[in-house]
């Protein structure tokens, strides 16, 4: 998987595998990795972390299927939006059903889900720097507007620069905190595993909550099953669909086992968390009196090693995490809108979408966290249900592509995709590419 990330180069028609990876990571790494992980611990106990890890393997499989199928249906090399027009849903739905699903995705990505990211930025900046939410909202939409009006290629370039930087910085802080509390390693991991199976005396009564919140927050953090990573995957320049499917599966592992785990370990190693029984409202463990579940746990954890720095650092990190997630949301909304409107009307439609997206983002910054999370949960539910239906129906061809890819590797080949082998019609991009590969092979002989 790691080798595949470095393969392929960007062009005027598409992006490299590395750019596609960073674009998908910009969507996966967000509020869910910081605030979401903390709320998982708050309502599911330390055992929720284990179930976040477990759901990762299922999430990686779904990411492979959805991304590989998106590469199946790439039609040409000159339009990144057309590359994803005929999505996985086309095989699951038909006629008006497909159009309605596209509209629902646009609603989720452009209206319902950006607010929760923007709200988290506003809250963290208010806590760390005392900046009013209104001021933060104006700043966020100004920077976001510059990015999305710059075009999809600029999104790829921005993600390529920002995502590795913010993730590495966040991980270095986590490593420093773990090193400072290294003697707690056996106790913390023992607590995670015991709590995950109800064997811990303190958290044994919330075993069901540990599983539920671990799965919920794990899915929210890595966006597995939502189809978001498939959009940048479709724009990547590769010779076989399975290559990007595996790259996107790898992005799930990076997201959870590095960023989510870093957040969880910072919180647990420092003991900066509360655990609440969601059913009864009883506080089982209270280490942070008066602190609401969310990014405040992570801020307090970093403050234990870097007093006065924790809140500011997490606020800045959360800004990058949430901001890159938001412009990834816009990219997805735009590619789906391209399916619904004619090419001559796309300019106007995209401009209107940008305005709606910025308005929804600003709305999220000035509203309460409860409102923002409620809207985000609705959007998340829409994305997951729509995409899982398609994944179940399209698993077989994606699996066949993986076997084809592995067989070619065993033969010492750089895998090339033959669309006709899978009965995929009108896949001109892959048909022409395979013909060129066959011609080269014939000349070599």
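Each residue's number is its place along the chain shown, starting with 1.
Placement of Cβ uses the backbone N, Cα and C atoms for every residue, glycine included.
The model shown is predicted, which means the values in this text are computed figures rather than measured ones.
Here is what Swiss-Prot says about this protein:
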- 41-61: transmembrane segment (TRANSMEM)
- 103-123: transmembrane segment (TRANSMEM)
- 129-149: transmembrane segment (TRANSMEM)
- 159-179: transmembrane segment (TRANSMEM)
- 188-208: transmembrane segment (TRANSMEM)
- 249-269: transmembrane segment (TRANSMEM)
- 304-324: transmembrane segment (TRANSMEM)
- 349-369: transmembrane segment (TRANSMEM)
- 375-395: transmembrane segment (TRANSMEM)
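As a quick check, the transmembrane segment (375-395) and the transmembrane segment (159-179) miss the bar of 3 or more Cβ pairs under 8 A, pairs 6 or more apart, so the two do not touch. Counted as Cβ pairs under 8 Å, contacts with the transmembrane segment (103-123) are highest for 349-369 among 41-61, 129-149, 304-324, 349-369. By the Cβ criterion (under 8 Å, sequence separation of 6 or more), the transmembrane segment (249-269) is not in contact with the transmembrane segment (304-324), since fewer than 3 such pairs are found.
Here the transmembrane segment (41-61) lies next to the transmembrane segment (188-208) in space: the count of CB pairs under 8 Å, restricted to residues six or more apart, reaches at least 3. Beyond the transmembrane segment (304-324), the same-chain residues lying 6 or more positions past its ends with a Cβ under 8 Å from any Cβ of the stretch are 26-27, 29-31, 33-35, 117-118, 120-121, 124-125, 127-129, 140, 143-144, 158-159, 162-163, 165-166, 169-170, 173, 176-177, 180, 270, 272, 295, 298. With a threshold of 8 Å between CB atoms, the same-chain residues lying at least 6 positions outside the transmembrane segment (129-149) that come near it are 118, 121-123, 155, 158, 312, 315, 323, 326-327, 330, 354, 357-358, 361-362, 365-366.
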